[in-house]
């Protein structure tokens, strides 16, 4: 666990509804933090349980595979999470991943430098992002409907680009998928970088805070002079670009690019991880730390079930139940939080209405 | 007694909306409920309609005592509330709306259309509405829809009819027809609670009147022998909240805001000036165009003509961002919908705009942000002054201070502060504090303040000068030196009587 949780991301954690009153004791503050992040507790309990039962989940060989899978999801979940915080959604990332993958594959097979192939994948994804962005932020169409349509349309485009599956791209390109730097898979390093950049952006720049402002109250943001179109526009482009990048990574790892199979259901994995991580579908709430926890939880849950010998079908059942349960737990802790806040508010009243 | 309310009390967080209210509503009687915005009238209505549960007190309906009502039990008890925002479904026909949720059916499945239609015709006839029952409600005028709502209430055998400012959106002809209907329903033995702020309606229709102010009943009497002057006195009441001699304005200074012939839909052409440090009130009833004028100045609505100068510099405003760059800032009337980021902290709400001005090479300077917040919180007496509290948890008055601090702080550079209904939903103690803050903003920063209000007390307490608005035009200008709330009330009601 300690190797999987980069301290930089944890440190730059977003605080959307900060713990009240500095006067609270450290124990109380820790309690309040856990109430806000119930999934962290579940994650620790789950990993400890699986580790005790099998003794193998925390072995590096196993963990490496889990992290590789999680990394591809995390790279896309970061911008998609930010889009949801700002009150939009992107369902098209699964097909955009496929398009990025086949574009990268085609460019590599034409004999170009692998770096060019990666850039081409990112550019293809960004182009899809621009289409989503224009339709939603400029023309004001529902992002749910636009990106649902794009999910189907872009899959078709990917299949048109490469009607026949491509494969065998060579070791240089394969490095992106399976290579290590300082013992850590390249994709994991990319994911860490994306999460850190996203977390720093969200917490340390005015534009990052505007993401929350737009998600909490778009009208108030507009009346505060916030550019309520530009920020979601750029986030759509970022979501497309990272999906393209994730496509290149996936193809490099598989060493093949089947246009009709790449990234099938990927958008739902991303959405599940983001929602598990406590980003509210209604916008305005959540953090990159939450996304990290959500992605790890999904990966480690599935891996734990495999290690425990649970059949695949049951793993699907468990993943679905986990999402619903996490939402239920989030609702319950939300209720607890509101009770705490109401109590605080009454204390504030007594202190203020006297004057 | 059809309905009798005893000791009704309602708290919203830090705000006491109703404080020990007693009210008796008798069959065959029109009971008028008068009071300014925020007096608690709408909270009484909500308690009756089941929209909210009282904190304390009882509602006795036909001898059955309730501690609280929900919408279902309210209807079952024979209470029908006609809200200002009507609750009809536009795409359904008149008949379908009349029987929505109470369809008469065969075998519980099939609607008996012919029977419903016949009954609909009866109900429409009773309220004097001559449209076909098959018309979609969306095609009716506001006045006709209101009659459909009343017909719906009659169809449910309502014994108490609550009308919330029913004439506000009506044409004079429709208003006359409504007045006739109210008299007829009264004769049929229905109890009517008529909520309004128009004194002439009260004099004409009411058998008994109760005046509310700051969540309390301050005056209640049968109408026999009561004059308009008595009502004006009751409504304006005691010395206004936080009244203090406004600071004098630097005479002869060049105007900080100079508006000439500003035109927009509903604004045929407004000219006005505000000098530095001057507080100007825009006084008018709902629909007089005061909010529209502020929103047009701020770029929320597009102006079609005219000029605006800030500090002598011509400005073109197409969006709120343009207005803010020019030094024009608006604190909107609907704080929750248009102003606050509820789940974000007070500090973030305060610095959301100036964050970018404070930032260096794109990075937030959190130390500087904290300083801006701390100094604004100190200057305005924000409570709690804790920067991390979610702003939704503050009382209305403190939320308003946060919104003012968003525009008036060490970095904002605001020259003209526009305030729409500045004490909406702010309780009486905090109201005086808001006035203090606004006066300080004008006096200490030399900012020109233009605020809209329909509360004459507020205009007297706050303004140096008052512009009276009616139908999108400034029809009168008063220097507030010698003006009292009675003058204003007389003025606005005289205006109304002259309206055809």
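Here the Cβ of each residue, glycine as well, is placed from N, Cα and C on the backbone.
Bear in mind that TrEMBL entries carry predicted annotations, made automatically and left uncurated.
The region 'Disordered' annotation in TrEMBL covers A:1-25. Positions annotated as transmembrane segment by TrEMBL: A:33-54, A:66-91, A:111-131, A:138-158, A:178-202, A:233-252, A:264-281, A:288-305, A:317-336.
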Fill in the blank from the handout: Ranked by Cβ pairs within a distance under 8 Å of the transmembrane segment (A:138-158), the first of A:66-91, A:111-131, A:178-202, A:317-336 is A:66-91
Problem - Whether the transmembrane segment (A:33-54) meets the transmembrane segment (A:233-252): three or more C-beta pairs under 8 angstroms - result: no
Exercise for the section: Report yes or no: does the transmembrane segment (A:178-202) come within contact of the transmembrane segment (A:66-91), defined as 3 or more CB pairs under 8 Å with a sequence separation of 6 or more? Expected result: yes
Exercise for the section: State the non-local partners of the transmembrane segment (A:233-252) in its own chain: residues 6+ outside its ends, Cβ under 8 Å from one of its Cβ atoms. Expected result: 71-72, 75-76, 78-80, 82-83, 86, 88, 90, 92-94, 96-105, 114, 117-118, 121-130, 132-134, 136-138, 169, 173-178, 186-187, 190, 194, 211, 262-263, 266
Completion exercise
For the transmembrane segment (A:317-336), out of A:66-91, A:111-131, A:288-305, most C-beta pairs under 8 A are with A:288-305
Handout entry: Residues from the same chain, set at least six apart from the ends of the transmembrane segment (A:288-305), whose C-beta lies under 8 A from its own
Key = 4-5, 9-10, 12-14, 37, 39-40, 42-43, 46-47, 49-50, 54, 57, 62, 65-67, 69-70, 73-74, 77-78, 81, 195, 198-199, 202, 269, 272-279, 314-315, 318-319, 322, 326
